[in-house]
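**Student:** What follows is a structure written as structure tokens; I'll ask about it next.
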Amino acid sequence: MEDASATRSVNLTQYIDETPWTTAQKMMIVMMALAFIIDGCANQVLGLAIPSIVAEWHVQRAATAPIAAIGLLGIAFGAMGGGIVADRIGRRKSLIAAITLFGIATLLSASTNSVASLAAVRFFDGLGLGGALPICTALLAETSPRNRRAIAIAAGMLFIPAGGVISGLLSTVIVPTFGWRGLFVGAGLLALASAVFFAIAIPESPFYLALRPERKDELGRVMRRLKTNVDPNIVFYDVIPPREERKISTLLNSEYRTITIGVWVGFFCCLLASYTLFSWLPSLLSARGFTHARTGFVMSLFHSGSIVGGLISGILFQRYGVRKPLLGIAAAALIIAIVLSVCSIDPDHSVVLTIIFMALGLLLAAMHNGFYTLTAFVYPSAIRGSGIGAASGLGRLGAITSSFTGVFSMGLSAESNTYFLVIAAWLFIGLIGVSVIRAPKTLVPAASSA
């Protein structure tokens, strides 16, 4: 007679993918959404504080540009390093460390008294901010069933703009009473409080634990927390790749090289085009005769389109997979950029232009979400953090590069719309990056979604 208490081994991937999506798994989206909100809030604080800093320190606004640039550089390095660290010590510890780092750095920003000191602190702030995003993405991917993974990632990332909204609301309350330093203190304390909450509430990724047989008991506890009515006699396992396939160099081996290059090119070009657009478009509109109020309205709808794009992309990726919709989205963004290059950018056509810019904002946000989602699908759990982090870091380097391409394209656009052709060129290269990406043979189960 078979012993009812005997243990039985169950494949972790199949169990997560084939059993119902539980409330506990959905709560991971809520917790990662909170992390995205805190990240977005801390990331926007500097821009809100700059006018007060310029007035207090008696410096030109242009003199504060290095602060933002060094912060972006920190975000790029943080994204690359955060993913690697997450693959080494775990998603949970890495996320708590990243949030703690940018919480402390944001607090320290309040004590600075020069551009140089604030720039130095913002670099470390950027390390934490950049590290959090790929870790959150990996956690969402590894706690959701495959047929819900795309919507989980898209839903979480929708809350990044919400962080910017919250920081804006905080600034209206805090700055008039406590000054810009109070804004940094408030954002820093909010981040540190969330780090304490995550230390209590967030479980480790089950796939990270599955790669470490010595932690099988902890894996069992995490799975019983995420899933309902789990048989206590089940022992979960996953395929453990050889140690040489768990190194970051695996991203560029023969199986993943084309995927990695495609993802890197796509991320870089997507953020380069996005930052070139929303950083320099206000200046272009102003030069073409748009009033400050009209320019602000256009940009607000552009960013509103970004929020809608994040939502729509999640629905599309959920229903049709990621790669084909992403190709269509990138192609549509390219077409709109080309159309803008031959349009008359004139206040008399502001209604039509506003609709076009809103559509472009929607598509660029959908592209951004799509690259994160695609990256979460095409890499195995052993290198998923490194893969997402490296791609995100390359994207941030694209954002930094936009400072130079923006100046260059604006210089060419005094009388023409070459500015939009430059954006179209980057979108075309990004489209090529998407087109070469294929799901690797070792991830055949995910291929339908990738």
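Quick reminder: no glycine exception, Cβ is built from N, Cα and C everywhere.
Take a look at what TrEMBL says about it:
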DOMAIN    28-442  domain 'Major facilitator superfamily (MFS) profile'
TRANSMEM  29-50  transmembrane segment
TRANSMEM  62-82  transmembrane segment
TRANSMEM  94-111  transmembrane segment
TRANSMEM  123-141  transmembrane segment
TRANSMEM  153-174  transmembrane segment
TRANSMEM  180-202  transmembrane segment
TRANSMEM  256-277  transmembrane segment
TRANSMEM  297-317  transmembrane segment
TRANSMEM  326-345  transmembrane segment
TRANSMEM  351-372  transmembrane segment
TRANSMEM  393-412  transmembrane segment
TRANSMEM  418-437  transmembrane segment
**Student:** Does the transmembrane segment (62-82) reach the transmembrane segment (123-141), going by 3 or more CB pairs under 8 Å (6 or more apart in sequence)?
**Tutor:** yes
**Student:** Can you see whether the transmembrane segment (418-437) and the transmembrane segment (326-345) are touching - at least 3 CB pairs under 8 angstroms, only pairs 6 or more apart in sequence?
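**Tutor:** Yes, the stretches contact each other.
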**Student:** May I ask for the residues of the chain that lie six or more residues beyond the transmembrane segment (180-202) and have a Cβ under 8 Å from a Cβ within it?
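**Tutor:** Cβ under 8 Å, 6 or more out: 28, 31, 34-35, 38, 41-42, 45, 48-49, 52-53, 56, 92, 95-96, 99-100, 102-111, 139, 167, 170-171, 174.
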